[in-house]
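Just below is one structure, and these are the notes that go with it.
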Amino acid sequence: MSDQKATITDWVKPGDKSGEFKRQQSVFRNFISKDPNSEFPAEKDRYHLYVSYACPWAHRTLIVRKLKGLEDIIGFTSVHWHMAEKGWRFATSDEKLPGENSTPDPLHPDFTHLRDLYFSVNPDYEGRFTVPTLWDKKKNTIVSNESAEIIRMFYTEFDDLIDTKYKDVVLFPESLQSQIEETNEWTYNDVNNGVYKSGFATTQQAYENNVVTLFKSLDRAEADLAKSAGPYYFGDKITEADVRLYTTIIRFDPVYVQHFKCNIRDIRSGYPNLHKWVRNLYWNVPAFGETTEFEHIKGHYTKSHKQINPFGITPVGPVPDILKLEEEVNAVRK
Ligand SMILES: N[C@@H](CCC(=O)N[C@@H](CS)C(=O)NCC(=O)O)C(=O)O
């Protein structure tokens, strides 16, 4: 045990000799339900989602909210992209940030930081103040701060309140559930979290172990996409596998390649199938493209992680953040 006290920006625990970043478990794990007698029943305008456009976990929830047509049912606020000693903060009323709803907290005008929300529920809260946070306006409490579970609630529990066309959006179809779960296992550990484990490592060994595993799993995703019978991970319908992989791949070239040293290859010149897949989602599916805010993404990582980038200089490239559908980098152009 170390007697050094960890602060919010210590990504590897002080005294941990492995140099490995270990992500904490989320603390609030309640579920919204269709059942009107449940503790958190699905209702219009009862729940509010706090996100950061920068954060890949929160990004999942924004994508699913739109895919399922929940825009009028669940409101949201994005925090400012800059995270400092007190964690995420809300934008102030004089700040103009790109992206819908990057505003002060509309529900608690005196809250300056996301942590205020957590402390209002539990003044002794000792966990991390993470996005996404799903808030219940009736009970004034946090329903969940675990994106993997929030998206699953959105898949089904509001189905009685939405149009048939959105009810028919099935992101976790029974016939694919075991394959999706199996894919989640390695995309979560090696890819979604793998970029963080590479970038936050404080020893050469921890970095190399994680970055090599990350690229092996990207190779696997590339091979799977080559075999897919349609434009999406499992054929011609979007599923959870697309949502979960997208939020890392869209950040890969603009941020992870240089900031987290994930540079064995990049997506645009090294992974033709992933590149085609991610561009199709970004340019052709509004739930993906319209929830992607590169200014938040680039600003957040490069200016918040001072151990990695002490001067907070944001690299200009790559230009552009994402290529158009038919464009290719020189190395790939035929
Ligand atoms: N398991 C959580 C992870 C969420 C998470 O780690 N979010 C990051 C932003 S990308 C965060 O808010 N970090 C703040 C902190 O750890 O202090 C989920 O998937 O919802």
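Placement of Cβ uses the backbone N, Cα and C atoms for every residue, glycine included.
In TrEMBL this protein carries:
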- Cys55: active site, nucleophile (ACT_SITE)
- Trp88, Arg128, Phe129, Thr130, Val131, Glu146, Ser147: glutathione binding site (BINDING)
- 173-311: domain 'GST C-terminal' (DOMAIN)
- Tyr196: active site, proton donor/acceptor (ACT_SITE)
- Tyr256: site 'Lowers pKa of active site Cys' (SITE)
- Tyr301: site 'Lowers pKa of active site Cys' (SITE)
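Checked against ligand 1, the recorded positions Arg128, Tyr196, Tyr256, Tyr301 give Arg128 in sequence order as having a Cβ less than 6 Å away from one of its atoms. For the domain 'GST C-terminal' (173-311), the DSSP-based tally of helix, strand and coil residues reads 101 helix, 2 strand, 36 coil.
Put simply, Cys55 (active site, nucleophile) is 7 Å from Val131 (glutathione binding site) when counted between their Cα atoms.
Considering only the recorded positions Cys55, Phe129, Thr130, Glu146, Ser147, Tyr301 (site 'Lowers pKa of active site Cys') has Cys55 as its nearest partner by CA-CA distance.
A gap of 15 Å separates the Cα atoms of the residue listed as 'active site, proton donor/acceptor' and Thr130 (glutathione binding site). Of all the recorded positions listed here (Trp88, Tyr196, Tyr256), it is Tyr196 whose C-beta has the fewest other C-beta atoms within 10 angstroms. Counting other Cβ atoms within 10 Å of each Cβ, the lowest count among the recorded positions Phe129, Tyr301 belongs to Phe129. Within the group of binding-site residues (Thr130, Ser147), the Cβ with the highest number of other Cβ atoms inside 10 Å belongs to Ser147. Counting Cβ atoms from all protein chains shown, Arg128 (glutathione binding site) has 15 others lying within 10 Å of its own Cβ. For the domain 'GST C-terminal' (173-311), the model's average pLDDT works out to 98.
Here the Cα atom of Glu146 (glutathione binding site) is found 23 Å from that of Tyr256 (site 'Lowers pKa of active site Cys').
For the residue listed as 'active site, nucleophile', the number of other Cβ atoms no farther than 10 Å from its own Cβ, over all displayed protein chains, is 25.
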